[in-house]
Every structure is written in structure tokens, then in C-alpha cells.
Amino acid sequence: MTDLPASKVDLKSVLATPARVDNSEGMSYLQSVPRRLVTLYLPLTIIVVVLLFPFYWMALTSVKPDDQLLDLDKFNPFWTWNPTFKHFHKLLFESYYPHWLWNTMYVAICATMLSIIASVLAAYAIVRLRYKGANLVGGLIFLAYLVPPSILFIPLATVVFQYGLFDSPLALILTYPTILIPFSTWLLMGYFKTIPFELEECALIDGASRWQILVKIVLPLAIPGLISAFIFCFTLCWNEFIYALTFLQSTSNKTVPVAIVNEFVDGDIYRWGSLMAGALAGSLPLVILYAFFVEHYVSAMTGAVKE
Amino acid sequence: MADVALPRAKPQMIEDSAWTRLKHNRNWLGFWFMVPAMAFLIFFLAYPLGLGIWLSFTDTRIGRVGQFVGTENYEWLWDDSIFWLSVFNTLLYTTVASAIKFAVGLYLALLLNENMPFKAMLRAMVLIPFIVPTVLSALAFWWIFDSQFSIISWSLKHLGLINQNINFLGDTTWARICVIFANIWRGVPFVAITLLAGLQTVSPSLYEAATLDGATRWQNFRFITYPLLTPIIAVVMTFSVLFTFTDFQLIWAMTRGGPVNATHLMATLSYQRAIIAGQLGEGAAISSAMIPFLLAAIMVSWFGLQRRKWQQGENND
């Protein structure tokens, strides 16, 4: 009990070291250009190409006509001169895809909202109210983050069944917060600590209640932290697979990742185009969200909070 | 939560109703602020965790409430060669993938920390494999590793290196290499970006001083970067090992444990046994068997961190 909070603080301080202004020019000017080409640009190019190639391949496959996909002798597989949107058309108008996209969005937004509300309250209480046992509870919440879904899905399936939630989006909305709350609480705790306590003291003296302080003073100042938490939770929900696979059954209720794996995989031999179109379309919302909020995302991930 | 104490009934000089005092009692307030988070974690995490361990001692099946059978499930698993194969696979997968993720991630972080044009954009691009849902990128790998139309086989054939298509996901050794590769591909960005955040907290003046003293690049890394980065390395690798060990989705999307169980991890095997075959009790025993491994991983990093703290004094807070 005494060790727990200590280690938690330690882990947190490690991750929460603010990423400083980048001043790593260092002594790179000492290196000659050819040397930099070999030691820096060449390996970097190789790694980046390997990291991004699957997406190129996904995108290319999704716009290739079927005959070119499967005939590697007549056509150069790395490019196509006759892109087609047939696969996307099929996806959007002849399958449940829009349905799945909607389900995923709906589940992700509801679960994220619930988790953020719960985390804001918990983080505020742990950091600012400092009630008895706050450190212990903080440590337990951190431990909860380390409990993986692949241990929980079997008992949760029976629980979900008992509560009559099987095959309903509500099952996911209620179970995802167990993955999201630990992380966002942890993130928001770091954030709340950076808000000067004097502001709250003044408000307390003026007779504001804790609730008023939270809503009117702390939350407006913590908006960047809330955005980080939101994006990270949303990404985790979108990415979640095992609960969605276990708790949902009917085709129309599925989320994008599960649906694509289960519904497109069997059947006709020309499925690759649709499959890759589906994978691409399912990734795009996250990539777009990410593109707008890279900074927030990175800070959420490294636990560092800039500004 | 046992700490929630009601306000002590102490005679007050000031006119103060019990209700007002209660409203300002931080323990009482703290309790109410914690309720939503705790409710989720108790009902959907702590309770299922206990239930899972209980289920592993029963013969529950889908649609039938089980009886307590003692350690029968575990005895059964002890003699089950597929279970041991999955344990071996999981350990192999975790060790190899984590080690390579760490090496490549650290290398990439060091590269990205150099000064160069388009740095911010490059860093953002590197992280994309981590953003895209695992299953969807696993499908891309599935297609890249297709037995007939694999682009890798095609390229190698055209370079004259091989004559026949490689049966990537159909051959036990190749299948293992492929899933490990996909896992590394997905994990490297996380390791790299987190270590990069750590690298940026290292003051460049340390390197300047060391270089003036005649330190080589390797010495710079060994005696400055590495020691200062150790705490963050411990955290990143704990997460990396935990998530690799309990991985499910990548395997499920790429191989479903095949060929001939060569890529079954403990997580996929427990899904197979519990949900597909309906043997909830046995599946729960397999996933409960993961707990000791996870505890060990957590302990290692925990003590690793404690040692760091002791070496540095208490100044890393």
C-alpha cells in the first residue's frame, strides 16, 4: 500500500516530462553531407518506406480493377493506369458499410464521453481534493490500465449476457470505459496539476463550491488536456476488437474492424479490392482526426503535456 | 473506499449546519467524485477479473452454468500440447517482437532527433501505423503476404532471387515470421515517438561538453543518452511487452492461430476454446494462466524503476 503510490508517481513523472522546445541541432554541422546521407537519410528512408508501404498498397489495391489485381504478369503491380472507384461504390451502396461506420462512431463517441466525464471527476478528486486514500485509489486506477482485455473478455461475455446486453452497442459503450478511464484519468491528473492552485483558493474563499470551481475554472483551463484525452479515447475505441468480436453477433450491429474481418473474408475470389477499400475507409476518420491534432495526440501518447 | 469518513461531531462555534459541513468535507466529496469511475472499474473490470478466475475452476459452457471442478481445467491444460505450443508461441512472439521493436524504435528515435528539413512532418508520418486500427493494417499485411499474389514474392521473383512463390502464411516458420514482422511494424512508431520525447529532454550541452572532452558518438550514446533515457525505456518496454503478450487482433486477422496452431497465442487460443468451442471454463483457465506472466513483466519494470530511483536519489520527481 505504501509502495503503490510511490511507483505510480514515479512512472507518471517519467512520462510527463514535458517535451522541450526542440534544440537538438547539436553538432550535426560537424558531419559532412555524404556521411549524413549514409548514416541518416538512407536508413530513415528505408524505415519510413517500410512503415508507409502497407498504406500505399492498401490504397492502390482499393482503386485497381479486379483483372489487374490478379494478373501480375501483364500489369505492373506497383501502379495502375485505370483507377476505378467500383470497390468503394460497392462498399458504400451494396453493403452494410455505412451502418458499421455509424455503429463504430456511435459507440466510440458515447464510450469516450462517459469515460471523460468519469475521468475528469476522478482526476480532480485525486489531485485536488486529496481525500484520504487518494493515492491508493490513483495507484489502483493505474493498475487497472495494465489489465488487458484479452484476460477479461470471457467473464465479461457472461456478465454482458446476464445483463441482457448481448449483441447491443450498449455492451461496448459500458465496457470500453474500463480501458479508457485509467488512461484518461492518468492524463488529466497530470494536466490538473499544472493549473495553479491559487485560482481555486481564491474561488473557495469567495464561496464557490467544488463543483463550480471544477466547471468554471478548472475545465476551461484544461481544454487542451481534454482534447488529448478525447482523441486518445476515440482512437482506442475505434481500434478495439476483441470485445466487439465477442459481444456482437448480428451483421448490422458490428463495428468496422470486426465487420470487415468477418463479412468480407469468405466468398468470392475478387474480394481484395473491397477488403482494402473497407480497411482504407475505416482508417480514414482516425487519420484525418490525427492530422488535425497531431500535437495533442503525441502529447497524449507520451503523457507529456505541452503549452 | 473504506477511508470515507463522516465528519466528526465536534461542537462548532460558528453557526454551521451538518449539511454545509458535509458539503465541504473533502473525503465525502472525494467519494462522490470517484463514484462514476469506480462504478465502471468495479462492475466491468474488477468483478469480471475475479469472475474469470472463478470460471477457470468450473466447467461452464456457453448456455450452461458450470459446476466447481477444482483444478481440473488446469490439469487438462497441463497435458494439452496445443496449450504448451501457444505458451511457447506467446513467449517467442513477445521476446522477439519486443526486442526488435526496442532496437528499431530506439534507432528511429535517434534518427528523428537529428536536425533535418521536414522534421515535424516526418515525425507525424512515422506515427501513422500506430493510429490505424490494428485489424485494418493486419488485413493489408494479409494481402501483402497472400500465397499467390504476394507483392513480396513477385518482387523477389523478378529480381531472380526465388523461383516459386513463398507460402507466407501457410508455412509454420514463415507464418511466425510474418506475424512478428507485422507486430514490430505496428509497435515501432510508439516506441520511437515516446523515446523521442525522452531524448528531447536531454540537454544538448551535455553532448557538447562530452564531445569537447573527446567522446565518440558511441560514448555519447552509452554514457549520456542511455542512462538518462533508462526510466522512459523501462516504461515504454513494460507497455510494449504487456501489449505484445496479450495481443489478439493482429493474429486473429492474419492467421487465426494457423497454420497447424503455429501462431496461436494464449489470447487467441482462449478465444478459440471459450467462444468458438463454447468451453468457457477452459478458455478462462487459459487466460488466467496469462496473469503470472503479466505480473512478472510488471514486477521486472517496477523494480527496474525503483533501482533507477535509488541510483539517482529522489530527484526524478
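Just so it is clear, glycine is given a Cβ too, placed from its N, Cα and C backbone atoms.
The domain 'ABC transmembrane type-1' annotation in TrEMBL covers A:101-293.
Annotation comment: TrEMBL describes A:37-59 (among others) as transmembrane segment. Sequence-distant contacts of the transmembrane segment (A:37-59) (same chain, six or more residues past either end, CB-CB distance under 8 Å): 31, 276, 279-280, 283.
Among the features that TrEMBL reports, transmembrane segment is placed at A:105-127 (among others).
The transmembrane segment annotation in TrEMBL covers A:139-164 (among others).
Within the chain, the transmembrane segment (A:170-192) has long-range Cβ neighbours (under 8 A, six or more residues past its boundaries) at 12, 16, 107-108, 110-112, 114-116, 118-120, 122-124, 126-128, 138, 141-142, 144-145, 149, 152, 156, 160, 218, 222, 224-226, 228-229, 232-233, 236-237, 240, 243-244, 247-248, 255, 300, 303, 305. The transmembrane segment feature in TrEMBL is assigned to A:170-192 (among others).
The feature transmembrane segment is assigned by TrEMBL to A:213-238 (among others).
Here TrEMBL flags A:272-293 (among others) as transmembrane segment.
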- Message: Cβ under 8 Å, sequence separation of at least 6 from the ends of the transmembrane segment (A:213-238): give me the contacting residues as numbers and ranges.
- Response: 104, 107-109, 111-112, 115-116, 119-121, 124, 128, 176, 179-180, 183-184, 187-188, 190-192, 195, 199-200, 203-204, 256-257, 285-286, 289-290, 293, 296-297, 299-301, 305-307
